[in-house]
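Asks: Okay, here's the structure, questions in a sec.
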Amino acid sequence: MTSEINDLSFSVVSIVEDVLQQHSTRSSDVALVPQIVEESSLRRYEAAGWLREMIGVSNGRDFPTDPSEEDFRLGLRSGIVLCNVLNKVNPGSVSKVVEAPDDVVDGAALSAFQYFENIRNFLVAIEEMGLPSFEASDMEKGGKSVRIVNCILALKSYSEWKLKGENGPWRYGVSMKNNFGMRKPFLRKNSEPFVNSISRDPLRDITSTDQPLCSEGNGDSRSINALVRSFISERKHDDIPNVVESVLNKVMEEFQQRLSIQNEMMKSCSKPIPEDDSSCETVVPFQQCDVTQNEEAEENSPSQVVEQNFQRTKSEHYEEQEILLKQQKHIQELKQTLNTTKAGIKLLQMKYQEDFFHLGKHLNGLAHAATGYKRVLEDNRKLYNLVQDLKGNIRVYCRVRPFLPGQKPTGLSTVEHIDEGTITIRLPSKYGKEGSKPFMFNKVFGPSATQEEVFSDMQPLVRSVLDGYNVCIFAYGQTGSGKTFTMTGPKELTEESLGVNYRALADLFLLSDQRKDTTSYEISVQMLEIYNEQVRDLLATDGQPKRYPLD
Ligand SMILES: Nc1ncnc2c1ncn2[C@@H]1O[C@H](COP(=O)(O)OP(=O)(O)OP(=O)(O)O)[C@@H](O)[C@H]1O
């Protein structure tokens, strides 16, 4: 990259060299001018002829046969001819040649970038091959074709040497003895044509170093000083102001020209850049081919880049700070939310603790109440059973069966009166003159008493059974008086006609179920028949009713 910049950068040495050449010619050897011009033209024709041979017809026309210096320069300005010829001599030297449209010959329609792209690549390849080079700026103005011609003729010589099979060491020495600055067989540096025209030893010492003779570096300053001192020592003092003026004018002219080119290139490069690879190449050459522009432009570019980088870094820093501030704000909000949630949870915990405390108190109260209730219940049972005892352990009830259908009163005895616990029977034949006698019972049920009324007086005894008391209920009476009806019910049972047994058992199961949480009851049933002083098991499943032995 450094070599590319050196090749294409602004060369003060070259300018000084050209001016001094002109003054040298003017002042010291004016008589030689026609001869030099003629020699220069012949060499240009030779170069043009060789180029025409090498490329043939290009873009619809041949390269001019005997071109003027202007035609010669314009024909090569695009760099297409030079690159193509170079690739023919040394294939692959220029990997990519930017071609002009078919109807364009002198490359004038090409952009500044395309122009420099081809010329730059050509000069780089020429440098690598060790051939005499020229400056890209030589294509921009008239009177600069000498070095271009030298370069082309050197390339021609190289081509011929290659065609001969590369026998022996190749040397470039064609018609140099009468040319400006071409007295040395092999020329590489841009300033060497002039450097070699000076015979002073100090200058030769300087040119023997590898430092490029460009506008930068101490070596360049020494080269310029040496050139100027060498020239001045050979000139009259009166010529010196003119020479200095010419040099300065030349430098200014070159500077302005480069500045305009630079502006043109910046315009073309400032267009939107597509993202394909070829376009990327257009940016790099622009930076590299920042030819002999003013130094300010070269210094501003990096500073602009640094400024841009600084601004970008600054904006990125601001963005990062903004993000950081946002994150801190979010963290603060999260912390606040966390604190609020913590406070809420604490409040809930306190509320729950308070509720649990009240619930515990309430449960304690309930437990106390339950204990009291149990005690009260127990007392109630005791009192209840005491009432049963007071009523009498043996209770006798009397039930009067109604007349059966078709049955008529016999007149022997009649129920005269039924009271709560008294039934008065009228039987005059037996009880004398008045003929009636009252009988006392715990309770007397008349003919209209229902099954439910009869059971209601026995139900408290069933409850005593579940409290641990032994209870016996039985019916007593003559045949057909209604014992079975009262204890079991009629043959066709309904809910209303159910007898004492059914109702007592239903009541037992109901109470047992109500007390299942506190008391577990086991209920079993036996059914026996006592007839003619014999007891039989009526629920026996082995066929015959079992006969119990009576001891
Ligand atoms: N309170 C009553 N209401 C209506 N009918 C009744 C009543 N009591 C008994 N009977 C009827 O009287 C008849 C005799 O009754 P039941 O068979 O119950 O007498 P019993 O005392 O059991 O006789 P036994 O000792 O011969 O077995 C039956 O037809 C019965 O339906």
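Positions of Cβ are set from backbone N, Cα and C atoms, glycine also.
Got these off TrEMBL a minute ago, pasting:
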BINDING   Gly477, Gln478, Thr479, Gly480, Ser481, Gly482, Lys483, Thr484  ATP binding site
DOMAIN    41-160  domain 'Calponin-homology (CH)'
DOMAIN    393-551  domain 'Kinesin motor'
Asks: Any same-chain residues 6+ apart from Gly482 (ATP binding site) with CB under 8 Å of its CB? Would you list them in sequence order, or say none?
Replies: Arg399, Arg401
Asks: Beyond the listed site residues Gly477, Gln478, Thr479, Gly480, Ser481, Gly482, Lys483, Thr484, identify every same-chain residue whose Cβ lies within 8 Å of the center of their Cβ atoms for the ATP site.
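Replies: The surrounding set, listed in chain order, is Arg401, Ala475, Phe485.
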Asks: For Thr484 (ATP binding site), list the number of other Cβ atoms lying within 10 Å of its Cβ atom.
Replies: 13
Asks: Just to confirm: which same-chain residues, 6+ apart in sequence, have a Cβ under 8 Å from the Cβ of Ser481 (ATP binding site)?
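Replies: Result: Arg401.
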Asks: Ten-angstrom check, please: count other Cβ atoms within 10 Å of the Cβ of Lys483 (ATP binding site), all chains counted.
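Replies: Around Lys483 (ATP binding site), other Cβ atoms within 10 Å: 17.
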Asks: By DSSP assignment, list the helix, strand and coil residue numbers for the domain 'Calponin-homology (CH)' (41-160), in that order.
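Replies: Residue counts for the domain 'Calponin-homology (CH)' (41-160) by secondary structure: 71 helix, 2 strand, 47 coil.
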Asks: State the three-class DSSP label for Thr484 (ATP binding site), counting H, G and I as helix, E and B as strand, and everything else as coil.
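Replies: Thr484 (ATP binding site) sits in a helix per DSSP.
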Asks: Roughly where does the domain 'Calponin-homology (CH)' (41-160) sit in mean pLDDT, to the nearest integer?
Replies: 81
